[in-house]
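Listed in TrEMBL:
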- 1-95: region 'Disordered' (REGION)
- 17-30: compositional bias 'Basic residues' (COMPBIAS)
- 31-40: compositional bias 'Basic and acidic residues' (COMPBIAS)
- 47-76: compositional bias 'Basic and acidic residues' (COMPBIAS)
- 203-225: transmembrane segment (TRANSMEM)
- 284-302: transmembrane segment (TRANSMEM)
- 376-397: transmembrane segment (TRANSMEM)
- 417-438: transmembrane segment (TRANSMEM)
- 450-470: transmembrane segment (TRANSMEM)
- 520-635: domain 'TMC' (DOMAIN)
- 597-619: transmembrane segment (TRANSMEM)
- 640-661: transmembrane segment (TRANSMEM)
- 697-721: transmembrane segment (TRANSMEM)
- 739-815: region 'Disordered' (REGION)
- 739-749: compositional bias 'Basic and acidic residues' (COMPBIAS)
- 768-778: compositional bias 'Polar residues' (COMPBIAS)
- 779-789: compositional bias 'Basic and acidic residues' (COMPBIAS)
- 834-860: region 'Disordered' (REGION)
- 851-860: compositional bias 'Gly residues' (COMPBIAS)
Amino acid sequence: DDDSNEEDGGGQQNGASRRKNYQRKNRDRKKAGEEGSKQRDRGKKAPTKDQKESENKEKKTTRKGKEGENKQEKGRKNSISSTSSHSSDEESLSEEELAMLMEQVEQKKKLISTMRNKPWRMVKKLSVLREAQAFVEKFEGALGKGKGKKLYAYKMMMAKKWVKFKRDFENFKTQCIPWEMKIKEVESHFGSSVASYFIFLRWMYGVNLVLFGLIFGLVIIPEILMGMPYGSMPRKTVPRAEQATAMDFSVLWDFEGYIKYSALFYGYYNNQRTIGWLKYRLPMAYFMVGISVFGYSLMVVIRSMARNANESTADGDDDNFVFSWKMFTSWDYLIGNAETADNKFASITTSFKESIVDEQESNKDENIHLRRFLRVLANVLIICCLCGSGYLIYFVVKRSQTFSKMQNAGWYERNEVEIVMSLLGMFCPPLFETIAALENYHPRIGLKWQLGRIFALFLGNLYTFLLALMDDVNEKLAEEDVVKNITYWTLLGHHNLSVGNDSSATPPPLDPADVPRGPCWETTVGIEFVRLTVSDILVTFITILVGDFIRACFVRFVNYCWCWDLEAGFPSYAEFDISGNVLGLVFNQGMIWMGSFYAPGLVGINVLRLLTSMYFQCWAVMSSNVPHARVFKASKSNNFYMGLLLLILFLSLLPVAYTIMSLPPSFDCGPFSGKKRMYDVIQETIELDFPVFVAKIFSYVANPGLIIPAILLMVLAIYYLNSVSEAYQRANAELKKKMQMQREEEKNKRNNKASTNPMLQDLEDLLTPSTKTESNPKQAEDKKTESPERTSPVRKPGKGGVLNGSPMTSGRGAAFIPPSHVFVTQPLALGVRAPYPGQPRPRGHPMGLIPGRGRGQPRY
């Protein structure tokens, strides 16, 4: 009971003084009662068992009563303290205590904010963080007073809840990003260079989803809902000669039959100016959507490049502080896999060794000629491969035109172009990579060279395919003139036969399946692009399945019973081909941009392709590939990908613009049939749907005399902005050089100061006489009253004198000054030569001129 009372009294030491006195009196009273009870117990005799039991019962009851009294007393004390704290906070916490508490709360808050930067273990960080947060939550509300205390506590609670809500909302947004966690997993195992490909793939999926929404919502859906139904007109009906095999799998696989006469291709759409009860202008919408596809893509690519340029962090200046940059910026902190971390560690070590060797051999140029020769040889071999692939594609396309005229052409003859282009895209990149081993570039530079070469391969193949295809288009245009005359005479003959001599009778309609058809070159071009896209999808998936998965299974399960180590030697596990996959995406997107104008459903096929590629390639990477032997960060890789995409976008726009502006549309298919050029739909819409002054304005704007100066002005503006940007870059380079020179100057100044100060101190100790004692006070007074000219004849006016007889002037460029108050009273003894400082004195000679003067110090 005494201990409990003492604890209660100790807990209320911060209360009023009357409370302490009251507790002290209770304690003294209880002690006196206990002493009296002990004395009474001593005077009694030995108790019996009944007496002991009764005494124990009494003790229990008294103990329970005392506990109840203590509880009541605690309740009274708590009520008193609560009422006193609510009545006035100054009784419980003084101003000093409030100030100390506020300071502690601020320190805890600062500790919480800087906890990430502490070099502690995670266990210690978590424990200290919990303690600091509990302290802040407990005592932060005590800084208010009265009603303001509750308001302050409410504000703090709402502020914390708002911070928690923002953090949860950011996490929710991160979770809503498609495939974010999957990409993070790939990034932790393979580094940011592999993850940059999947980020690029996700971005491409988003762009194609928007393009599909534009085409599907503004072109395909209006034609299906408000246009003429299938079978109502020749362009929407399978010809009579093809209906027997229109549903065969081999025909559908070649995108013929019913697929050819569907909304997937250009020829299905009607040339009516308005359709449906909404009077929807489908030809105008088709043309504007085709242009907006390129406009939106161009805007998004340029915007992404600008954002990446602002957000990207450079690797630093490669010419200065090479080893410092490698030491502090080489590690990829997103790696979370042990094997990848080991590879990255080995890569950094190798890069350090290479940098050391480069520094040692920077002045040696004995192997530079061999390296240049190997690089020139590699480029010559790659150029030969590019020319050979271009010639092969041109030859195959020209031969396919002869196969198309054959009646019983086989499957290979019908798909020879797609097969050859897919095989070139599959085998040429590994060949380029093998040739690139001769160049011995850094992996990041080698990746860009590899990307550029594969890009040149794909672009050359694509443009060779387009040139060969244009020959086929010209042949079909010549064929259209003949078919147009046949169609006209067929319709006229049917009218004459059905009407006969009765001119007033209406002829029965001719079955659309029996009407002669033109070749419809736009649909033919669209079919070729769809075939290329589908064949590229199949080749990509088969390559991953055979070249990665089956290869990994073979190495994994056959390694135990093979002659050599399959994991370390041939064939080993496959690495993820970043350059080939990126260029495959870019090349495929270029085909989508070019083919979407002739096949509106091509964008939907590409959306499905990208969606399946994300899951399939993520599975293949995590199950079948191993990290690169030299893992490197994706330094501005996304911007490099965007640059390639911007180039392929511009090159994809050229063929489409040429066909729109130069080639006449087909006469019996597509929304522009019956017009001389496709762009005539704009002029027709302006003349019929807009006021006259708007037509005049557009005619003035379309005048070449205004367009050419506008283009020249844009070119001049681009040149000016480019010149300003280069001037800023040169100014930044000059400023960097000045800062480096200033830093080196300050460093040299500190080094010179640190090296000259000890030397000057030694000289001052040697040359300055000790003037601790004055032998003649008169001379000391004369020394004080001497003129500056006598005491310091070499002192410059305006400068401070030399203190304590120091022979050195303060400041830069100090000079020796002879002591001003030294008078030689006795010459040196003959035959006695003063030794140099640091040399031992010869024995037998006196130590100085006067005994006790040490090393021959002068006498004053």
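Even glycines carry a Cβ here, placed using N, Cα and C.
Long-range contacts of the transmembrane segment (640-661) within the same chain, counting only residues at least 6 positions beyond its ends with a Cβ under 8 Å from a Cβ of the stretch, are 196, 200, 290, 294, 297-298, 301-302, 304-305, 308, 448, 451, 455, 459, 463, 466, 582-583, 586-587, 589-591, 593-594, 597, 677-679. Of the candidate ranges 284-302, 376-397, 597-619, 697-721, 597-619 has the most C-beta pairs within less than 8 angstroms of the transmembrane segment (203-225). Averaged across the domain 'TMC' (520-635), pLDDT in this predicted model comes to 85. For the transmembrane segment (376-397), the list of distant contacts is 416-417, 420-421, 424, 428, 431-432, 435-436, 438-439, 453, 456-457, 460-461, 464-465, 467-469, 472: same-chain residues at least six beyond its ends, Cβ to Cβ under 8 Å. Secondary structure by DSSP for the domain 'TMC' (520-635): 82 helix, 4 strand, 30 coil. Non-local neighbours of the transmembrane segment (284-302) in the same chain are 207, 210-211, 214-215, 218-219, 222, 269, 593, 596-597, 642, 645-646, 649, 652-653, 656, 671-672, 678-679, 681-682, 685; each lies 6+ residues outside the stretch with a CB under 8 Å from one of its CB atoms. Outside the transmembrane segment (597-619) by six or more residues, the chain places 179, 182, 186, 198, 201-202, 204-205, 208-209, 211-212, 215-216, 219-220, 262-266, 290, 293, 522-523, 525-527, 529-530, 533-534, 537, 540-541, 544, 581, 588-589, 656 with a CB less than 8 A from a CB of the stretch. Sequence-distant contacts of the transmembrane segment (697-721) (same chain, six or more residues past either end, CB-CB distance under 8 Å): 686.
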